[in-house]
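Trainee: Handing you a structure now.
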4 protein chains.
Amino acid sequence: MWDGGGAGAFQLPEWMIQFADQKQEFNKRPSKIGRRSLSRSISQSSTDSYSSAASYTDSSDDETSPRDKQQKNSKGSSDFCVKNIKQAEFGRREIEIAEQEMPALMALRKRAQGEKPLAGAKIVGCTHITAQTAVLMETLGALGAQCRWAACNIYSTLNEVAAALAESGFPVFAWKGESEDDFWWCIDRCVNVEGWQPNMILDDGGDLTHWIYKKYPNMFKKIKGIVEESVTGVHRLYQLSKAGKLCVPAMNVNDSVTKQKFDNLYCCRESILDGLKRTTDMMFGGKQVVVCGYGEVGKGCCAALKAMGSIVYVTEIDPICALQACMDGFRLVKLNEVIRQVDIVITCTGNKNVVTREHLDRMKNSCIVCNMGHSNTEIDVASLRTPELTWERVRSQVDHVIWPDGKRIVLLAEGRLLNLSCSTVPTFVLSITATTQALALIELYNAPEGRYKQDVYLLPKKMDEYVASLHLPTFDAHLTELTDEQAKYLGLNKNGPFKPNYYRY
Amino acid sequence: MWDGGGAGAFQLPEWMIQFADQKQEFNKRPSKIGRRSLSRSISQSSTDSYSSAASYTDSSDDETSPRDKQQKNSKGSSDFCVKNIKQAEFGRREIEIAEQEMPALMALRKRAQGEKPLAGAKIVGCTHITAQTAVLMETLGALGAQCRWAACNIYSTLNEVAAALAESGFPVFAWKGESEDDFWWCIDRCVNVEGWQPNMILDDGGDLTHWIYKKYPNMFKKIKGIVEESVTGVHRLYQLSKAGKLCVPAMNVNDSVTKQKFDNLYCCRESILDGLKRTTDMMFGGKQVVVCGYGEVGKGCCAALKAMGSIVYVTEIDPICALQACMDGFRLVKLNEVIRQVDIVITCTGNKNVVTREHLDRMKNSCIVCNMGHSNTEIDVASLRTPELTWERVRSQVDHVIWPDGKRIVLLAEGRLLNLSCSTVPTFVLSITATTQALALIELYNAPEGRYKQDVYLLPKKMDEYVASLHLPTFDAHLTELTDEQAKYLGLNKNGPFKPNYYRY
Amino acid sequence: MWDGGGAGAFQLPEWMIQFADQKQEFNKRPSKIGRRSLSRSISQSSTDSYSSAASYTDSSDDETSPRDKQQKNSKGSSDFCVKNIKQAEFGRREIEIAEQEMPALMALRKRAQGEKPLAGAKIVGCTHITAQTAVLMETLGALGAQCRWAACNIYSTLNEVAAALAESGFPVFAWKGESEDDFWWCIDRCVNVEGWQPNMILDDGGDLTHWIYKKYPNMFKKIKGIVEESVTGVHRLYQLSKAGKLCVPAMNVNDSVTKQKFDNLYCCRESILDGLKRTTDMMFGGKQVVVCGYGEVGKGCCAALKAMGSIVYVTEIDPICALQACMDGFRLVKLNEVIRQVDIVITCTGNKNVVTREHLDRMKNSCIVCNMGHSNTEIDVASLRTPELTWERVRSQVDHVIWPDGKRIVLLAEGRLLNLSCSTVPTFVLSITATTQALALIELYNAPEGRYKQDVYLLPKKMDEYVASLHLPTFDAHLTELTDEQAKYLGLNKNGPFKPNYYRY
Amino acid sequence: MWDGGGAGAFQLPEWMIQFADQKQEFNKRPSKIGRRSLSRSISQSSTDSYSSAASYTDSSDDETSPRDKQQKNSKGSSDFCVKNIKQAEFGRREIEIAEQEMPALMALRKRAQGEKPLAGAKIVGCTHITAQTAVLMETLGALGAQCRWAACNIYSTLNEVAAALAESGFPVFAWKGESEDDFWWCIDRCVNVEGWQPNMILDDGGDLTHWIYKKYPNMFKKIKGIVEESVTGVHRLYQLSKAGKLCVPAMNVNDSVTKQKFDNLYCCRESILDGLKRTTDMMFGGKQVVVCGYGEVGKGCCAALKAMGSIVYVTEIDPICALQACMDGFRLVKLNEVIRQVDIVITCTGNKNVVTREHLDRMKNSCIVCNMGHSNTEIDVASLRTPELTWERVRSQVDHVIWPDGKRIVLLAEGRLLNLSCSTVPTFVLSITATTQALALIELYNAPEGRYKQDVYLLPKKMDEYVASLHLPTFDAHLTELTDEQAKYLGLNKNGPFKPNYYRY
């Protein structure tokens with residue numbers, strides 16, 4: 001298993017899927033339609049809950065399915081399906097706000113005024129539909145591409161943004177609260193269109209790729225490449241590749257340096273604080289916290305909590321990460337040793353059943369339990385669904401689980417990802433990811449024949465460096481250039497790449 | 001060039017050599033003896049200055065060359081050459097103190113009471129000869145090996161330790177202040193011995209390997225492997241390998257995770273403070289510092305100085321490292337932008353002429369300039385050797401360079417490595433390196449035929465993890481073990497390795 | 001002016017009042033009723049906006065004034081006036097949650113099972129009515145006191161909590177959204193009651209004290225003391241004292257060590273991050289921030305932002321605080337020097353017009369401006385109300401102010417206190433304040449005649465220490481006790497006080 | 001006892017004296033001369049050991065007592081007594097180096113070119129004689145004063161600096177290694193001089209004041225004031241004052257804000273690391289440390305060690321400081337709870353027997369024990385002088401104390417102050433103190449009659465602020481000035497003072 005080493009290491013993003021788990025889950029659900037047979041591979045990410053904080057103007061009064069509505073944008077087009085086209089104006093403002101924090105994409109647009117590196121590209125996309133995605137889509141458009149888009153998650157679409165995109169002419173098929181049937185219908189509307197055939201795929205989770213693979217395998221003949229963002233989708237691609245069934249080049253942008261270090265270390269350093277505050281209003285100073293796993297996510301959580309005056313313990317299975325925790329000033333313990341005394345338990349392992357019912361039984365009153373690492377497997381939440389325990393929903397995403405003796409555990413987001421459910425992801429981090437996606441599309445679309453085979457590729461280091469360089473102006477950061485003499489001395493090209501592939505940063 | 005990407009990244013240790021530079025340097029020096037032709041490849045590391053703090057009982061009154069002395073240890077052996085066998089007792093105490101902080105090697109000794117994984121091994125070694133090295137050598141002995149040893153640097157031998165080793169029966173040929181001729185004579189005495197032929201090489205800088213290669217090429221037939229510790233030596237091995245001339249397997253322990261992260265990040269985090277304090281007694285709080293390079297060394301320096309209340313600016317050529325600096329809270333600048341205002345300039349780039357005469361001319365009065373990165377190329381010290389500037393040696397390793405207008409620059413260690421010259425390296429860090437060397441020797445010596453070819457290998461990740469695990473007890477750190485169910489879920493062996501090779505830590 | 005030194009020093013809490021400002025403000029407002037003449041001294045704090053996040057179950061459908069409703073609690077009492085007595089159950093749960101984080105008050109209750117230090121006390125109170133206040137009131141009850149309570153702010157009452165208190169028998173007169181007339185009516189209902197006369201006052205802002213002073217001056221004959229919590233109220237008391245008109249002892253709990261250091265330094269360290277995240281979702285890493293004022297509030301803000309990777313500049317007028325900023329690693333600048341480059345401007349000075357229109361004109365696009373220090377005077381918000389600037393409310397408490405050239409400034413909470421408006425105050429901090437209030441009441445009520453004159457007193461240091469000690473169990477913290485020998489050596493009583501009065505902590 | 005609250009709070013500097021202890025100590029010592037009766041009050045500080053690192057060119061070959069030598073400076077004067085006038089040139093260079101880091105005094109000199117605020121002042125001084133003191137003395141001279149000087153400690157004089165002062169005409173009577181008799185002889189030579197009578201006293205420890213009091217009580221008639229720097233001396237002054245025997249005004253500069261906060265918090269933050277490194281070369285990362293006392297010194301030690309990756313526990317007797325430790329992220333424990341597990345024990349309490357033999361018996365092997373707080377009472381070192389324990393001096397200031405079972409404790413500086421013995425004090429900190437002394441002298445000398453009575457005064461806050469402001473240029477720090485409107489609003493003078501006296505900083 002390629003990413004098996006993930007324990008304590010990666011943040012397996014929210015759309016991570018464990019096929020075994022997922023199958024069971026879907027078996028329990030009644031299938032709605034005949035198309036059900038295809039949906040057995042819908043990724044868990046597609047149905048993950050998503051912070052309701054992201055909604056703006058929705059009122060729940062309109063129960064009509066968007067599929068049953070007749071809508072037109074102001075230019076008369078009906079080639080889209082969104083909740084309510086009238087929300088376009090609000091969505092446009094959100095997009096404009098996002099543009100201000102996505103300088104790299106805006107810079108790409110400027111460069112594209114002369115050349116159109118994606119001229120002729122027909123991109124079909126399946127991602128979360130947010131203001132940031134909209135900036136990406138409109139950038140792809142500015143670079144010359146035609147786009148059609150669906151959502152990769154049935155809850156994550158911002159209806160206003162979808163409306164704004166539809167209004168400005170993008171065929172978008174997505175709304176918040178799609179049914180599973182709606183989900184596949186939307187994807188199908190993107191690809192199955194008269195007189196238009198995609199030649200590039202931008203996927204997040206692999207559902208779009210899977211759908212084309214199952215329904216329209218011939219379509220791959222025209223496709224020049226797939227860009228995949230998620231752990232899950234990448235995992236599927238490697239499996240296809242291993243099985244000899246991958247028939248186009250694919251770019252794994254999940255493992256780029258910028259994504260790994262920024263999405264995980266730096267982003268979690270901020271979102272752990274945000275998530276805990278918004279849900280519990282707790283004070284960090286003096287609190288005892290145990291963080292399970294000292295990978296990038298764990299490192300970020302530990303650094304933030306230590307900085308805010310918490311006393312942090314770490315558990316690890318990997319002796320190298322464990323030694324890092326020691327050198328960084330954290331006591332390395334087994335969970336059992338501190339479980340009675342800690343105020344907060346945070347899991348960041350990518351593992352399952354890290355926090356068991358036995359642990360939960362021994363926690364002290366008011367202990368907060370949350371997960372920063374993996375879908376919903378790290379904390380054995382199922383073990384808490386027993387008759388003697390009382391669940392009390394005290395706020396959105398906050399449950400008190402009450403033992404017979406009155407002890408309460410504060411469980412956040414029912415053990416799902418805290419930072420997805422209870423905090424927001426800074427636009428700046430999304431900007432890095434979106435820029436990486438755009439560059440990967442450009443690279444695959446323009447690569448000379450033969451540069452990429454029918455395999456899964458990592459982003460060339462030089463492009464990783466380029467993404468980083470596009471974000472430096474945000475910080476008014478000034479890069480030093482090598483002199484000719486220095487470049488020669490170091491044996492480097494002045495424009496990079498600057499590091500060997502194994503460099504750890 | 002394999003490590004060409006080093007700018008701002010690696011700490012290129014003190015014994016790093018640039019062949020081009022070195023040749024010129026040696027061309028200028030008069031050769032002393034006929035053997036000179038061989039010595040053209042003596043590494044610069046062999047002649048680097050070394051902290052005098054490391055000496056204990058030496059008085060300078062004894063000017064007789066050790067080569068001219070007749071010495072015997074208490075058991076009657078004369079198969080060694082040290083400064084003064086009578087210093088053995090003092091050296092033994094230093095070794096005993098070191099043993100207390102090298103728990104991993106002591107643990108290896110305990111395990112070796114039953115099995116002798118190095119039984120039959122005949123190791124010839126060429127390293128710094130310090131108390132820590134002595135613990136390594138005696139551990140190798142306890143594991144079954146016979147050892148003969150020379151120094152890899154003409155200044156770095158602790159005479160008392162060498163005496164203690166000789167007293168307890170190790171054929172050691174080394175003293176502080178060897179001439180270049182002495183240097184090669186000592187190496188030769190290690191390998192050119194009647195009735196004994198080495199089958200393993202432990203080298204630090206590549207001089208020993210080079211000597212055997214040039215003088216006794218046939219000796220390689222019996223040699224099972226080379227373990228090389230330094231950037232320079234590893235560089236030489238890769239060159240040999242590239243040229244098809246490497247005739248035994250070699251293990252590159254320089255690039256092991258534990259060495260990179262601990263020798264560089266954590267060690268420099270401490271030694272930058274130590275080196276500056278010991279030389280200048282300066283106060284860190286409120287000082288403005290520019291750190292050139294944000295690799296592991298730069299990261300360590302920046303973290304320490306920020307933590308102590310300095311205001312730190314960073315320069316970088318690599319946009320990814322640059323973005324890390326930004327996210328870690330440092331202003332990224334060009335050196336020119338801050339050179340007039342900073343109180344301290346620290347180089348950690350692995351590059352040359354990072355600080356030029358022009359920069360030095362513009363620094364403010366009392367600015368401290370030092371190098372944490374590379375031999376002596378980062379600061380253009382040569383440019384300061386001009387008639388209008390006055391040099392004043394104010395303390396050991398501290399020069400005031402005085403401009404005609406009275407401005408003084410405080411130059412530390414003449415631009416050579418600050419932490420080698422002006423601070424000490426914690427035993428704990430040396431323990432990690434020594435343990436890695438011991439394990440690499442065991443691995444190569446015991447590897448089944450065919451596992452290693454005539455190439456340069458990185459330490460298997462599992463051994464890297466093992467080295468780390470041996471050091472955890474020092475911190476009373478308790479590792480968590482995977483359950484069977486978890487190991488299966490993650491697709492991992494419960495004993496590791498726990499991460500894919502590309503994992504960045 | 002007693003607290004004139006506040007520049008950059010104190011956090012002048014939200015209920016701070018500047019009499020001069022206030023009079024103007026009230027002069028502009030039409031008086032509603034005949035009682036208006038009395039209300040000229042209503043404190044600004046009484047009308048400050050208050051985070052709407054604090055509301056739970058309110059629906060806006062019930063527009064009937066509570067004063068016009070007939071309500072009874074389950075025991076048949078009508079001696080209260082709240083929004084809706086039916087919300088009592090929800091409020092009780094909030095109180096129970098708060099109890100869990102107010103261990104000191106709960107400990108006081110336990111001790112009170114034997115002795116009733118407030119037996120016979122008749123306390124009239126006027127504070128924010130929150131779950132934490134409820135825990136205080138019920139503790140006072142458990143200690144033997146009878147209480148009647150009104151709100152000190154027309155917006156800050158949690159209706160559910162007020163209902164819960166009324167349900168359990170406390171005469172509470174308060175609801176969210178009182179008119180100014182309601183405000184005084186509620187206070188009057190507390191004090192003007194047949195057959196009951198208060199003998200203790202607990203005030204927050206001084207409005208209650210003022211009311212009694214104006215309307216029922218004879219009531220002071222029976223009053224044993226006033227406990228005042230706010231800067232404003234304390235200021236009023238010192239003025240009364242100076243004018244020789246203070247006729248009972250008063251305790252200034254605002255300047256106790258625990259309140260100053262914890263409410264300001266530690267609380268702001270957390271709430272600055274919380275407030276910025278909840279309003280803007282910004283990323284802290286790499287952002288350039290200028291913090292105006294390096295008092296306790298500024299110190300807290302700077303420490304938190306530096307810890308999260310921001311680059312922080314400080315402005316100060318006081319050279320001692322300025323030197324502290326330097327030693328703590330912050331560049332000390334004038335606002336003009338950095339105003340063009342910073343991403344965030346935070347004021348914590350207690351001063352006025354620290355950020356002027358000129359500064360605002362020069363800020364870069366997207367700059368965030370907020371206030372942690374003082375009512376609403378620090379940022380000259382009024383100067384932004386000019387025709388050429390467009391205001392756009394993008395979220396609750398977040399305005400974009402847009403210049404003709406498109407530049408946007410992000411103004412938070414319209415320049416009012418960020419941490420009151422946009423974040424929550426941790427219960428733990430409120431617990432410290434509430435415990436201090438309770439102890440001050442006990443001290444004044446039980447003090448032997450003559451200990452306190454008609455003056456304003458600081459809390460005795462020993463009680464400050466006692467409040468601290470009651471909070472240590474929360475952190476499982478174990479205090480060391482002096483031996484007899486040590487106490488003698490130090491000349492201290494083993495039970496404290498442990499420091500001279502001028503000790504700075 | 002005025003400073004009785006010192007436990008865990010102040011750093012009681014090295015020259016702190018406990019009269020009870022001291023008397024016993026001196027009773028045990030044989031008196032050497034008839035003058036002995038006077039010397040019973042020699043302060044302990046006068047005989048404290050002092051870092052030998054401070055010596056430069058001394059060779060121990062010259063055993064002649066300076067009192068028996070005939071020496072003249074180049075201008076023919078013999079009115080001094082130093083070790084060797086020929087060392088003047090070296091000393092001058094040290095003074096010049098110190099001048100570069102004492103910008104405030106140099107600024108005072110510049111201002112004094114026009115006015116001579118000390119014209120007519122005849123100052124007799126008794127302080128450590130170091131390069132920094134020399135800069136102070138020469139500044140006093142430049143301000144118009146005549147000075148005569150002796151050393152306040154028998155070990156702390158830098159002979160080269162004393163020589164340089166003598167060479168430039170200052171009557172200095174001091175050398176390193178004075179006997180007790182020499183000590184009083186030197187002081188007497190300063191005050192008992194034909195045709196010259198002091199009118200100002202600058203004292204450090206109170207010995208000079210005490211001598212004049214005992215021997216020349218009439219001299220006080222002409223003396224306008226005493227400036228005292230040390231805790232001990234200040235303590236003596238308060239005792240005199242209490243006893244009604246203080247006959248001139250005295251200025252307590254020990255308790256000025258700048259001295260307390262900078263000498264203690266910031267200086268110890270740096271010197272704890274420096275002292276530990278220079279003595280033990282230990283690595284801080286991952287080490288478990290217990291710090292006894294969380295006053296300014298403890299706060300500094302804890303902050304530094306935490307920042308360098310140590311895991312820090314704190315013990316406290318004062319609940320307020322204890323709560324601060326909690327909020328700052330340290331576990332508050334009793335020493336017993338962690339004594340078995342820690343790697344380092346640091347005392348900063350100002351108390352006695354904080355570390356007892358029982359604690360020492362339970363420490364683990366290689367535990368480092370040192371004192372940052374008080375003379376030599378905090379660690380019960382005497383209890384280690386028992387026959388079953390072996391002492392081994394392994395380095396200067398480093399002893400291994402070895403238990404019968406082989407366990408070793410590493411005791412630093414025999415329990416005396418680590419930062420005085422094993423590290424250096426940054427010139428910048430000394431600059432703050434020296435500037436404060438100079439300003440206090442100016443204030444007392446120029447104060448109009450009646451401003452100061454025969455009492456002990458704290459430095460006026462405005463002068464404290466002035467000292468701070470003189471040091472800001474070192475950091476290129478730019479202070480903001482209040483506008484007229486702002487000053488009026490705050491009720492402050494634009495030039496300060498800016499805070500009320502009780503402000504805690």
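For all residues, glycine too, the Cβ spot is worked out from N, Cα and C.
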Trainee: Looking at substrate binding as recorded in TrEMBL, which candidate out of B:Glu101, B:Glu178, B:Glu180, B:Glu229 goes with B:Thr130, B:Asp204, B:Lys259, B:Asp263?
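Mentor: Answer per TrEMBL: B:Glu229.
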Trainee: For chain D, which of the binding-site residues B:Asp204, B:Val297, B:Gly300 fall under 8 Å by Cβ?
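Mentor: So none of them sit by chain D.
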Trainee: Hey, what's the widest CA-to-CA gap across B:Gly295, B:Glu296, B:Val297, B:Gly298, B:Lys299, B:Gly300, B:Glu316, B:Asn419, the NAD(+) contacts in the record, in Å?
Mentor: 21
Trainee: Looking only at the domain 'S-adenosyl-L-homocysteine hydrolase NAD binding' (B:264-425), what is the model's average confidence as pLDDT?
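Mentor: Computed over the domain 'S-adenosyl-L-homocysteine hydrolase NAD binding' (B:264-425), the mean pLDDT is 94 on the 0 to 100 scale.
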Trainee: Among the binding-site residues B:Lys259, B:Val297, B:Glu316, B:Asn419, which sit with their Cβ under 8 Å from a Cβ of chain A?
Mentor: B:Glu316
Trainee: Under a three-state reading of DSSP, tell me whether B:Glu229 (substrate binding site) is helix, strand or coil.
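Mentor: DSSP call for B:Glu229 (substrate binding site): coil, neither helix nor strand.
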Trainee: Pick out which of the binding-site residues B:Asp204, B:Glu229, B:Asp263, B:Glu296, B:Glu316 has the most other Cβ atoms within 10 Å of its own Cβ.
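Mentor: Compared across B:Asp204, B:Glu229, B:Asp263, B:Glu296, B:Glu316, the most Cβ atoms within 10 Å surround B:Glu316.
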Trainee: Work out how many Å separate B:Glu296 (NAD(+) binding site) and B:Thr130 (substrate binding site) at their Cα atoms, rounded off.
Mentor: 25
Trainee: Just report the maximum Cα pair distance in Å for the recorded substrate binders B:Thr130, B:Asp204, B:Glu229, B:Lys259, B:Asp263, no decimals.
Mentor: 18
Trainee: Return one of helix, strand or coil for B:Gly300 (NAD(+) binding site), based on DSSP.
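Mentor: B:Gly300 (NAD(+) binding site) sits in a helix per DSSP.
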Trainee: Need this for a regression test: binding-site residues B:Thr130, B:Asp204, B:Lys259, B:Asp263, filtered to those with Cα within 10 Å of B:Gly298 (NAD(+) binding site). What's left?
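Mentor: Checking Cα-Cα distances against B:Gly298 (NAD(+) binding site), none of the binding-site residues falls within 10 Å.
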Trainee: Under a three-state reduction of DSSP output, how is B:Glu316 (NAD(+) binding site) classified: helix, strand, or coil?
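Mentor: DSSP call for B:Glu316 (NAD(+) binding site): coil, neither helix nor strand.
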Trainee: Can you tell me the CA-to-CA distance separating B:Thr130 (substrate binding site) and B:Val297 (NAD(+) binding site), as a whole number of Å?
Mentor: 24
Trainee: In whole Å, note down how far the CA of B:Val297 (NAD(+) binding site) lies from the CA of B:Lys259 (substrate binding site).
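Mentor: Cα-Cα distance, B:Lys259 (substrate binding site) to B:Val297 (NAD(+) binding site): 12 Å.
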Trainee: Secondary structure at B:Asp263 (substrate binding site) (DSSP, helix/strand/coil)?
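Mentor: DSSP call for B:Asp263 (substrate binding site): helix.
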Trainee: Give me the Cα-Cα distance between B:Gly295 (NAD(+) binding site) and B:Asp263 (substrate binding site), rounded to a whole Å.
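Mentor: Pair distance, Cα basis, whole Å: 13 Å.
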